[in-house]
């Protein structure tokens, strides 16, 4: 039966996972409504947890991030660094400048525009390190090192680890582009189940809210810039209008796709950002001092990196680290799933080593230049307006004293020539950064919900683009900046489970590399079949002209592509079946007397299944001296065994028929041995065998969980009576007595995965069995063998 969510999904003309799409959408709507209508209570409730995470257990973030950095460096220098993110012969799709532009725009470009001046100025005015005087040269050097630390290697490690995991599991193991796919070594095919869907819903929701904070802060900054340049009032309705424009352009970019939209916007934005950077350098108080300071900042960053990597502000109760470092890490990790997935997409075809070296090195170098030019020029400007040495100037007043962080960039530009032109360019750069965040985020979230990167209805990606802007607009209009503050508390709380997911992904990536990577040069790896989510596989299987022979449902590798040092075979579902000597698929066949169970078994046998009758197999197993027979004797008494030591089946049947407790106990004792023998016979047929166990009392014994599927055969009672009267030559009353002793069809239907109604001809019944095989059995065989349906 089709679920209500699936019916709604089909009515709306979507092509995604109903559970992930509607689950994520519902969570976003509910949280947005709560934060918009009740920002105070939401902030208070989440604030308690957020405060505990930031100030009491913030060390978890600092330690975890440092371990992730170490993991990346170690991974890059091992033989695993030669593994490609994709097929062994894959080539990169995007050039270096193009992918760097997209990477930077989707990564921290928007955040750098907001904090590029504000953070160095904050640490310059309030140095966290003991013994450093505010506004001193030492404070300036430490401020630059701290700013580079917050936006350098550690921040990019948060984004690169998910990027590596998604790149590997999506393009090497060919799993759906979802966060849950990175858990395949742990969950197996359960990545398609409730656990995997829960992981993906958390990832999508955290991405919406993480981007929501970034875009919301961007709207505040754009509004402040418009106020400086055009005199536009700073108001919620203006910020909502800005969000509407940004979202509309982002949506248009989504509609034209990755290459025509995101790529071109990112490229143009990178050039404009560099032009603005050069402009600030040229018109700084002393350009040469800015350059010298930027070069010096490299050494300051390197020298302070070991200290800052584990710095928790221990002697101040973690106050500073909680306000800055932990907040940055918690915020960044919430949109790491989206950025990581985006990185994987644009860096496909590159080796792990180049991914890490370029992904850590180039952005960090650019950040150092960015922070150096903006930061040191801001220090010079502030000192020029300070009333006396050792005191703050105009920028300190605006950023630190007044807390007007969003106006920092425009106030700094105001003292330079061609201010209006520069401010307009800055507004364009900020706007484009947030547009590229929205469009790339929408494309990635759509792929995560769909489970594939093929063409999908555009309304889906439009929904995700609009949802980011709508979240911000709704919160700003109803609660203003208090709403954004509440949202910040929420993402800090969401950040912890995402961080734990990221650390777990790193460990699972290492396990996957051990299973797949060879040792010889050139590097060759185990090749995997392309996996589709179950719902998408079924859609394609029913479409005319669509060949699904290249796809599977469960993760499975190509036989014969094992690496030369194959010492860690992946524990796929199919491999587990082989190791456990179990049939590929087990089916419990049940139904009332004269319902047609025997005929169904015959047809399943024709289709290739191994069919065993439970009672007959039990009789073959329970021979004299068998320990199972001895256990039955101890439970049911000596009467069930004849003098020659053989089983008295009639006596055992009478005892178990009279008592449901006795019947269940008998099944518990006998079924393991029967199943083992049945699986042994099925495995003799081949690895991809299908075992059907004919068990009339399946419902009565509660044994439905012993099988992968339960197939029930049903027929109208009057039809069954007529069949019994004809086949057994008995009266109507006697036939009804047989039927009344059994479970009713409704009880069987409750435990069955499929019910076949046998109320027509034999040909109709056989056709129904073949349809069941095609729908329920063949997809599982294809998932294991990759054969055409």
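Cβ atoms are placed via backbone N, Cα and C, with glycine included.
Note that TrEMBL annotation is computational and uncurated.
Taken from TrEMBL, the feature transmembrane segment covers 20-38, 58-77, 97-118, 153-171, 201-222, 234-255, 267-285, 326-347, 354-373, 418-440, 461-479, 491-513.
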- Message: Can you work out whether the transmembrane segment (58-77) touches the transmembrane segment (153-171), with the criterion being 3+ CB pairs under 8 Å where the paired residues are 6 or more apart along the chain?
- Response: yes
- Proximity verdict for the transmembrane segment (491-513) and the transmembrane segment (326-347), three or more C-beta pairs under 8 Å: yes
- For the transmembrane segment (326-347), the candidate among 153-171, 201-222, 234-255, 267-285, 354-373 having the most Cβ pairs under 8 Å is 153-171
- Query: Quick one: do the transmembrane segment (267-285) and the transmembrane segment (461-479) have at least 3 Cβ pairs under 8 Å, skipping pairs fewer than 6 apart in sequence?
  - Reply: no
- Query: Out of 20-38, 201-222, 234-255, 418-440, which stretch has the largest tally of CB pairs under 8 angstroms to the transmembrane segment (461-479)?
  - Reply: 234-255
- Message: Same chain only, please: residues at least 6 beyond the ends of the transmembrane segment (201-222) with a C-beta under 8 Å from a C-beta of the stretch. Say none if there are none.
- Response: 19-20, 23-24, 27-28, 31, 110-111, 113-114, 178-179, 239-240, 242-243, 246, 331, 334-335, 337-338, 406, 409, 427, 430-431, 433-434, 437-438, 441, 444-445, 448-449, 464, 467-469, 471-472, 475-476, 481, 484, 487-488, 490-491, 494-495, 497-498, 501
- Message: How about long-range neighbours of the transmembrane segment (418-440): same chain, 6 or more residues beyond its ends, C-beta under 8 Å?
- Response: 102, 105-106, 109-110, 113, 211, 214-215, 218-219, 221-222, 225-226, 228-229, 245-247, 249-251, 253-254, 261-262, 265-266, 268-269, 272-273, 275-276, 279, 338, 342, 409-410, 465, 468-469
